[in-house]
Amino acid sequence: MTNVVVVGSQWGDEGKGKIVDWLSERADVVVRFQGGHNAGHTLVIDGISYKLSLLPSGVVRPGKMAVIGNGVVVDPHALIAEIAKLAAQGVTVTPDNLRIADNATLILSLHRELDGMREDAATNSGTKIGTTRRGIGPAYEDKVGRRAIRVMDLADPEGLAEKVARILPHHNALRRGFGAPEVEHSTIMEELLSVADKVLPFRETVWLMLDKERRRGARILFEGAQGSLLDIDHGTYPFVTSSNTVAGQAAAGSGMGPGSLGYILGITKAYTTRVGEGPFPTELTDEVGQFLGEKGHEFGTVTGRKRRCGWFDAALVRQSVATNGITGIALTKLDVLDGLDELKICVGYKLDGVEIDHLPAAQAAQARVEPIYVTLEGWKESTVGARKWADLPAQAIKYVRQVEELIGAPVALLSTSPERDDTILVTDPFED
């Protein structure tokens, strides 16, 4: 038995929700370790769809403990709203099945407003990143700047007042620069104290709790959000998120040591998608790209934004295998490729006429690379609902084997529809 870390190996939206749900049924504890309510995922259980943004997937399954780690930035109002939405669907969330790290940073209204003001200004200047405007980046900035307000601060109104007084000069200076009105101390205090009684019952010393769970032999599932190519260090900077999204963050963002992480499962879509701005070497703007988007229902869970679509990029996933230490991948949405006459896989790039085997880190170079493709024959048969290798067309199996060879990691799971049971299991990550 081992613990499992689930990460996205592309730009997010790889289908982590289904795989995490499949794994969480067998886990005891499910931990979120980075990001905030900017990355959504949909779980389909017994025909009911649950859309989660902040809460760990384990929260919808009875008998599981869901944990929001210290690496997550928590919008308390979004948290309360998501809990209420689940309650309306018959899912009860209490401290018996959800704990939040007492040292997790809070997202405030001024973070959301700053995020929006920056995006508006960047849109006008042509430097837009394409954030969700939910205050994630500004909250992380305050965390790194050592002025953040954390979950535990809600329990001490007097100390909270001092911390609000410390954070406001920074934000009001920025707001003046954008021509926005300053924020009053009383506004933020009222905003926070109004949610304190609803948030504080969930607070926990998470590192200690997880250490106890580890010692008793609990199965722990670490649930990543977004994708490795959006990592603040290893992604396509500056078109990235504001946190580390690679597997190593599961340790730092939860308080467990790296030796406890175990199997690293990289969720990998059988083609490539991206939301928002930034480089995308294999992007297709033709009818094939439109086909992938429509058949794959490529619209964001949180924002509803249309995703950009393209061929599978083995060079980028190979980088993710290395930066995450991926043990095996879960290949998703293979069924979306059904019916295409031919398929292409990017194996490297040409940069100024020179062949290279990885995407360069420099933004200007990323904009100039041209993909180098291998072409494979497609298949006409349906792979939807396949649950064993024998159900797959020969060309589909050939495609999967080619992906494995090019990225340097084996397929542990193969997903053939949004339904959780439509999965071919090759290797059980919990038993590896």
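Even glycines carry a Cβ here, placed using N, Cα and C.
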For this session: Check Swiss-Prot for me: it has Asp13, Glu14, Gly15, Lys16, Asn38, Ala39, Gly40, His41, Thr132, Arg146, Gln226, Thr241 binding IMP, so pick out which one of Arg305, Arg318, Arg368, Arg387 it puts in that same site.
Result: Arg305
For this session: Using C-alpha atoms only, work out the spacing between Thr416 (GTP binding site) and Gly304 (substrate binding site) and round it to an integer in Å.
Result: 23
Seminar exercise, completed: Running the recorded positions Asn38, Gly40, His41, Thr42, Leu334 through a 10 angstrom C-alpha radius around Arg307 (substrate binding site) leaves none
Seminar exercise, completed: Nearest by Cα to Gln226 (IMP binding site), of the binding-site residues Gly15, Lys18, Thr42, Lys306, Leu334, is Gly15
Exercise. From the Cα of Gly304 (substrate binding site) across to the Cα of Gly40 (Mg(2+) binding site), what is the distance in angstrom?
Worked result: 10
For this session: Using a 10 angstroms cut-off on Cβ to Cβ distances, just flag whichever of Lys18, His41, Thr42, Arg307, Thr416 is the loneliest among these recorded positions.
Result: Thr42
Exercise. Taking only the binding-site residues Thr42, Thr132, Leu334, which one has a CA atom nearest to the CA atom of Asp13 (active site, proton acceptor)?
Worked result: Thr42
